[in-house]
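Beneath this line is the structure, given in structure tokens, with notes to follow.
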Protein chains: 2
Amino acid sequence: MAKSLFQVKFLESIVAVAREIREAIFSTVPRDTEITKVDFEGPKVAIYTRRPQVFLENDGELVKKIAKTIKKRVIIRGDPEKRKSEKETEEVIEKLIPAEAGLKNVYFNDITGEVEIEVLFPEKVTQDALNAIFFETLWTPRVLRRPPVHSRTVKEIRDLYRASKQERIDFLKKLGYKVYRKPIFPTQMVRIVSLGAAREVGRSAILVQTPEANILMDAGLKPTGNGDELPLFDLPEFDVDDLDAVVITHAHLDHIGALPVLFKHGYKGPVYMTEPTLHLAKLLLEDYVKVSEREGKDPLYSMRDVNSFILNTYTMTYGEVTDIAPEIRLTFYRAGHILGSAMIHLHIGDGLINIVYTGDVKYARTMLLDPAYNKFPRAEVLIIESTYGSKTDVLPSEDDAKLELGKIVLETAQRNGIVLIPVLAVGRAQEVLLALLDLMKKQAIPQLPIFIEGMIDEVSAVHMTFPEYLSATIRGMIYNDENPFTSENIHVIRGEAREDVIEKRPAIILATSGMLTGGPVLDYLRMLADDENSSLVFVSYQVEGTLGRKILGGLRKITFSDPSGKAITKDLKMQVYRVEGFSGHSDRRQLEAFIRRMEPTPKTVILNHGETSKIDEFMRYLGSEWFKKKSGLSFEVRAPQNAESIRLV
Amino acid sequence: MAKSLFQVKFLESIVAVAREIREAIFSTVPRDTEITKVDFEGPKVAIYTRRPQVFLENDGELVKKIAKTIKKRVIIRGDPEKRKSEKETEEVIEKLIPAEAGLKNVYFNDITGEVEIEVLFPEKVTQDALNAIFFETLWTPRVLRRPPVHSRTVKEIRDLYRASKQERIDFLKKLGYKVYRKPIFPTQMVRIVSLGAAREVGRSAILVQTPEANILMDAGLKPTGNGDELPLFDLPEFDVDDLDAVVITHAHLDHIGALPVLFKHGYKGPVYMTEPTLHLAKLLLEDYVKVSEREGKDPLYSMRDVNSFILNTYTMTYGEVTDIAPEIRLTFYRAGHILGSAMIHLHIGDGLINIVYTGDVKYARTMLLDPAYNKFPRAEVLIIESTYGSKTDVLPSEDDAKLELGKIVLETAQRNGIVLIPVLAVGRAQEVLLALLDLMKKQAIPQLPIFIEGMIDEVSAVHMTFPEYLSATIRGMIYNDENPFTSENIHVIRGEAREDVIEKRPAIILATSGMLTGGPVLDYLRMLADDENSSLVFVSYQVEGTLGRKILGGLRKITFSDPSGKAITKDLKMQVYRVEGFSGHSDRRQLEAFIRRMEPTPKTVILNHGETSKIDEFMRYLGSEWFKKKSGLSFEVRAPQNAESIRLV
């Protein structure tokens, strides 16, 4: 009964909203605008017209006026009847795109009237040139960067969207209607439910619930020595059918690994993330499926589910404000953790409450990325990760880490050994690559070959596709064609026998996975385990239960599967090092600084994504009289368990 | 998909359990027991036999052996073929029931083979006499007390069960199968969700959730000046269809008022409570429906829903242990609050965790009741009410309260005024009646008429039906026919014009409702408001938002509806008093003493049923170093909000 009544109200509200928007637009614009259609395109309102220049002239004055009236973002599309032919349009584009931009290709989307223009240097195309193309052809131009090296990921995502243009526009249209439905239940109550990563590291998943809407922030897996654990999707208050949106902070499996599971179980709604996150997520999730299949495991989901996630994704840049449900607005802020990583800011209930969820956050500058941002228009609740929440979790600076790594490399090279560095493909690998190249450039270590294996090269290609998300230094280098990731010291292993690779000594090998839970690194470790001249160097956080964590804990007898599948046990005789300072996580001082310098000061701080002992220590500290006195700040500190819910309003 | 798989597993498990029980019984009993049927009757296993004496001889040795084997309680029923005729059985009963027991009537239930024997003094019937009746007739005798004054409630409940015997046995059979289903999900997680009475007084409702089962403790309404509020039954983790059991602490509307709402929304499962609670609940809920109808309000539920609740109720005495879901066992303990009030003890997951929920609790002896019990076999979690949680909430003793009330009555009588006491029909009315009668007996006040109106007499009749739930003193008086509730000073108002009643001065009037939210008391208040010789005496807790609370807060202008429905505003000139000490709630010292003397000491104490300021104060106190030092106890203290969940395991 209640459900069907809800359906009726829902449909009524949809019709009413669409009518209201049309009426508001027509009462705002002059008569000569020649609007031929108004429709939702995701959270934006698309106005089709025969005369786009009327809307966009005077710095888009009319578009701004409409947006202010209907309180929604507006895009202008050319009327299909008036569009130039594709051939004519191509000629216009070739004429107006400057040669130094490096035009590579042009793709037409006859449904939306967009034309994608792939160039090597988008920053060399001016807005004036784009407007000129639009006004002349009535095709809306969209400039895409063609990466300097081939990226399978970038190509496949673009191909998929082009091949699914009808499906995609249907999705966006439905999304708009759903986002702008009139709320049936007033937003008087807001709570979060911890589905994962509460008092643990792994399977990040936080459900934000109001009487009207359900938003899931992150959908990760927890890596363990023994398969991966899902978030608590079986809690009765979580229902895929009632989910309005999934919002993703960044592309690590402990934040995205369970995302296709939602689609497998019937989720049809949107997923919000940055564009680099989309690309890295596709890469990691497809790899996850392939590895599961190769290892004969029952996969959690299939390639089809990964494709569903891609087609249901809506990407946003930092600072862009978007309605994602009635009375809920999303903004991403730079998190400093990996390429494209974002903090989630939710504005709920027209001023009722604002939540900031950091995801994984680095409140310090690294070679690769600028630090996390922490000034918000409003923020009453801060949900912050606590990976390094213990007071002993103070990490050396990246410069010190680089020096330490240099010393290890130098000594190992002098012993004619191999430096084996297990890395997460995304983030730490690029950071360590940059450090090694810099050490070589400064002649602190000899010019050694760096062998990389396990998606690292593809991940680097994605980095080159989105330089605007990188630090100013690296971005500048890429814009100036001094791309560090294409250094000739880097050798990508594809198909070469690993037995041959480890004979090329001295050398450095970077291989996945970063916590020794699988991947090519295990093969290298098996072959090098009893070589006391070689070194095993951990550069990232090792989750409890993983082989990496066990070795750091003193384990020196390791059982491997050899290529024939037989179990063999080896003594680990390599030199084992842990180089801290390359972490993409804030250390304890940085976490504290993030909170202290955050504007505005939150009223409630909720700790998650940390082992329970670290969470407890950090919670005690933040709640102590000592901290209150020192900082002059006072807020409530909470640290729920999984399956607990906390009421915010 | 998941749901239908669940259904299949559920049915399989039901069949398997029933088979296992039958096999276990047949392998335990000797060949000559002549069992003709085995079936569930609620959480008990009913064995039908031609030879009940084989099971019950030697102090029921064989029954005990079977119960131990199948780990379930066993009842023995006579085989229907062998039962004597009703006429013959009546003759046997008349022969074997002693004359001093006062046999009144006999009722047969041919489905279960039970015979109900109504007597005036059940305590005068021996177990030997009952066994003799059973063995001779093969009808299972059940002795019921016939109350010394007529009680409509008692009669109607007994009539309803008799008229619905087939429906009732079907319900009990299904209940048994459901309770003893094999768990599909292991009990690894236990949490409570606050649906009501968290940081407030009113609408008590706590959901206990495991992956396998859902138990609701209490289902109350929150009285406000403006209609009653339901618990948060619309939270997504609450679903009437998934509910295994509702367990009720006591019959006050803030703990039972929402119970019929569950049945209105399709609940078909059991409700557990004590027998007095069932009777008082019926009375209060039916009155609630009648009052709603009379006042032209849209009623929350109908009489039909109240009847459904009665037919789905399973009553238990204090100390009786009963399985209510796979891996969940319920025991009631005396709460000392009102007649039949109980604390709920849940043993979950075969030793995993034990929860004690006090409901409303009085940890002190009153005239009417013995104090709350607080020694438990095991208890890791205590959920305790905090109505008087502030350190200033120290109440006088009942003796002091009685003296104070006496003084007010005496002075008012000297002014020839009327003492108007708003009372909750259940509990406080009886306590105050006993106090007034005692004052008259001791000649501290003159013999005055006490007019009672609004169910109080019917509630007193229920008290007389269950003397075994009263204090030893009052129980003894009732057993000895010195029933205080039948005193000639008490005048029940039925149909008399209230205008006439207030002319009979000096006098005392006890009328409902206790917080001036409705009921006859409002009529008396309207008529007496400007009589400065009369007194208005509050003897119970006044919830925020009620008229009673407002008057205590200083309100002296009150708007009434006069009999014709017109609004009239009057100045309140009566003398207003608040006599504390008759409370059915523990005061702050008693709450603290309950916790300190509780055995075993809980690991977690959860505070509910209190205004947020009182909860916070009590929480700070229990968590303070001072308390820890003084008491030598240390436990976690929590105080969730409504809509929050707390994980216990």
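Every residue, even glycine, has its Cβ placed from backbone N, Cα and C.
The shown structure was predicted, so the numbers you read here are calculated from the model rather than taken from an experiment.
The domain 'Metallo-beta-lactamase' feature in TrEMBL is assigned to B:202-407. Sequence annotations record features per position, and here TrEMBL assigns Zn(2+) 1 binding site to B:HIS250, B:HIS252, B:HIS337, B:ASP360. The Zn(2+) 2 binding site annotation in TrEMBL covers B:ASP254, B:HIS255, B:ASP360, B:HIS609. Feature annotation from TrEMBL assigns domain 'Beta-Casp' to B:429-551.
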- Query: Setting B:HIS250, B:HIS252, B:HIS337, B:ASP360 aside, what same-chain residues sit with their Cβ within 8 Å of the center of the Cβ atoms that define the Zn(2+) 1 site, listed in sequence order?
  - Reply: B:THR249, B:ALA251, B:HIS255, B:ALA335, B:ILE338, B:SER341, B:GLY359, B:GLY427, B:GLY584
- Query: According to DSSP, which kind of secondary structure is B:ASP360 (Zn(2+) 1 binding site) found in, if we only use helix, strand and coil?
  - Reply: coil
- For B:ASP254 (Zn(2+) 2 binding site), which DSSP three-state class applies? helix
- Query: Cβ within 8 Å of the Zn(2+) 2 site's Cβ centroid: which residues qualify beyond B:ASP254, B:HIS255, B:ASP360, B:HIS609?
  - Reply: B:ALA197, B:VAL201, B:GLY202, B:SER204, B:ASP218, B:GLY220, B:THR249, B:HIS250, B:HIS252, B:GLY359, B:GLU385
- Looking at Cβ-Cβ distances, which residues of the chain lie under 8 angstroms from B:ASP254 (Zn(2+) 2 binding site) while being 6 or more apart from it? B:ALA197, B:VAL201, B:GLY202, B:ARG203, B:SER204, B:GLY220, B:LEU221, B:LYS222, B:PRO223, B:VAL543
- Query: With 8 Å as the upper Cβ-Cβ limit, not reached, which of the binding-site residues B:HIS250, B:HIS255, B:HIS337, B:ASP360, B:HIS609 neighbour chain A?
  - Reply: none
- Using DSSP, how many residues of the domain 'Beta-Casp' (B:429-551) fall into helix, strand and coil, respectively? 55 helix, 16 strand, 52 coil
- Message: Can you tell me which of the binding-site residues B:HIS252, B:HIS337, B:ASP360 is spatially closest to B:HIS609 (Zn(2+) 2 binding site)? Compare CA atoms only.
- Response: B:ASP360
- Task: Pop the Cα-Cα gap between B:ASP360 (Zn(2+) 1 binding site) and B:HIS255 (Zn(2+) 2 binding site) into the table, whole Å please.
- Result: 9
- Task: Would you count the other CB atoms within 10 A of the CB of B:HIS250 (Zn(2+) 1 binding site), including those on all shown protein chains?
- Result: 29
- Note on the structure: In this predicted model, the domain 'Beta-Casp' (B:429-551) has a mean pLDDT of 92
- Query: So how many other Cβ atoms are close to B:ASP360 (Zn(2+) 1 binding site), meaning within 10 Å of its Cβ?
  - Reply: 28
